[in-house]
Amino acid sequence: MASSSAPKYNSNSLENSSSKRSLKEGTNWEQNEEIPRLPGETRVTDKDVIYMCPFNGPVKGRVYITNYRLYLRSVENDPVVILDVPLGVISRIEKMGGASSRGENSYGLDITCKDMRNLRFALKQEGHSRRDIFEVLTKYAFPQSHNLLFFAFVNEEKFPENGWMVYNPMSEYRRQGLPNERWRVTFINEHYGLCDTYPSLLVVPYNATDEDLKKVSAFRSRNRIPVLSWIHPETQAVIMRCSQPLVGMSGKRNKDDERYLDIIREANGQISKLTIYDARPNVNAVANKATGGGYEGEDAYPNAELFFLDIHNIHVMRESLRKLKDIVYPNVEESHWLSSLESTHWLEHIKLVLTGAIQVADKVSSGRSSVLVHCSDGWDRTAQLTSLAMLMLDSYYRTIEGFEVLVQKEWISFGHKFASRIGHGDKNHADADRSPIFLQFIDCVWQMSKQVCCGVLQKVTVCRFGTFLYNSEFLREKEKVAEKTLSLWSLINSEKSKYTNPFYSKELNRALYPVASMRHLELWVNYYIRWNPRIRQQQPNPVEQRYMELLALRDDYIRRLEELQITNNSKMPNSSAPSTSPSQMVSQVQTHF
């Protein structure tokens, strides 16, 4: 597995292979251009530079800046080296050296990106040659800091599919069989007066009135009350989500909140206790009391059982990713790969998120118990847990459009702070609100499927689409994002074959649980180390890799059958005689996989 050894690489490869692939991605680029341009993309400036490539050394070229991308084309290399960087992935731009700097290529720009790479360009020192390019880059990479529009608002691409039509909350709840005699739809938040980070349409217990909801909101952080995310079609057990209760150091209680949780427990005729999963480590939840937060104590909530899932906060995750970047870019730390990877704690965090989601899903499915999930504010770890659990329990979410609905519902609509966590168009690179929470979710999805998930992640940061802009549904409606921008789902649904898993098997009403042990988790090399051409050279096609894994499983199965000398009339240990031949059994295994 990738985590058990340093990735192998071939030193005789060129960086531009990734760029050549990226040039094929868009279908709407204008032709006959020096550089590729999307409709609505305008060229701003260009300049001769030396790109300090960390893999192949200095590369002379010309860099072009548009209102969407930085594009470098080499002038002397054969084959041509191309660098194509959407400005939205830039986190920080710094000047390197001064007018009196000595040494070759010591004067220029250092660019830190959000996609696991850094870029360095050297320029001539005469005549303040970097001033113009620095100002242009800063202006268009950080539009929010310069009162400019995101590129998504000027993007003029056309797609045959309208991604904004993918998610309709009422249709999704109807698909789940809601509303029913126990659960109702409320429009109390239609104008975002109850909670400005929640969607306008919410599903709550039938026996809870809107007046009850208002009273409960006063006792929940950011007014994020417990609301339904998903209902089990057979057991009617539900997954609820919310924020922490405002208990504080004095141990405040709220009778309305306590009664509301009892109503949730009783909604599916449940006799056992309501299970509450607090995503935080116990010590963090206790510490949150000092700032007015807290957790559901046994005295106040006797009909609930509380479990802490030990998932750390956004600051720990940000530091973990920084450490991971240090060991994979620009060079992979090979000599101490295992200890270096372990010291980042990245896979450990992935394990804890997956383990927590499995507990949530299993309690609802096998335990037939309703669960309530929260962290502090209910828009980071909570979204990770509910969406992963729903992915495990509901086969619809494992389809392309179902997955889009899942992301749109549990992340975008329920107020994950994409703008703050990613830093869209904001020059404040040191903002403490930045954190790779959505990246962790996609990593967990990849661990479950081992398919290519890079496509979604690469579009989240670049501001080409309006899907992930801003922090809440309220702000997106205020900015009229659906009217003025394109949806990422328009692109994906217009070329589904690029994102389709050929090994997908429709398993209706079957829960699929991943193995969340460190032995089975891998570092997602095709994402975290994708910029290193020497690593990329050795990465097999994901479909081919999966096919080879299945062939190996088949061969192993055949070998075991031969060893046991199974015949149509023989019996396997502790079982009755098989009704099919070994070849038929192998055929069944192939069909299943």
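Keep in mind that glycine also has a Cβ here, set from the backbone N, Cα and C atoms.
Source: prediction; values computed, not measured.
Per TrEMBL, the features are as follows:
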COMPBIAS  1-10  compositional bias 'Polar residues'
REGION    1-40  region 'Disordered'
COMPBIAS  11-20  compositional bias 'Low complexity'
DOMAIN    163-528  domain 'Myotubularin phosphatase'
BINDING   N313, I314, C375, S376, D377, G378, W379, D380, R381  substrate binding site
DOMAIN    344-406  domain 'Tyrosine specific protein phosphatases'
ACT_SITE  C375  active site, phosphocysteine intermediate
REGION    568-593  region 'Disordered'
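Using DSSP to sort the residues of the domain 'Tyrosine specific protein phosphatases' (344-406) gives these counts of helix, strand and coil: 45 helix, 4 strand, 14 coil.
Under 8 Å, Cβ to Cβ, and six or more positions away along its own chain, W379 (substrate binding site) finds T197, R224, F414, G415, H416, K417.
Model confidence over the domain 'Tyrosine specific protein phosphatases' (344-406) stands at 96, taken as the mean pLDDT rounded to a whole number. Sorted by the number of other CB atoms within 10 A, the binding-site residues N313, C375 start with N313, the lowest. Report note: the substrate site is defined by N313, I314, C375, S376, D377, G378, W379, D380, R381, and the residues of the same chain whose CB lies within 8 Å of the CB centroid of those residues, excluding them, are A279, T382.
Those residues noted as binding substrate (N313, I314, C375, S376, D377, G378, W379, D380, R381) have their most widely separated CA atoms at a distance of 12 Å. The most crowded of the binding-site residues listed here (D377, R381) is R381, judged by how many other CB atoms sit within 10 Å of its own CB.
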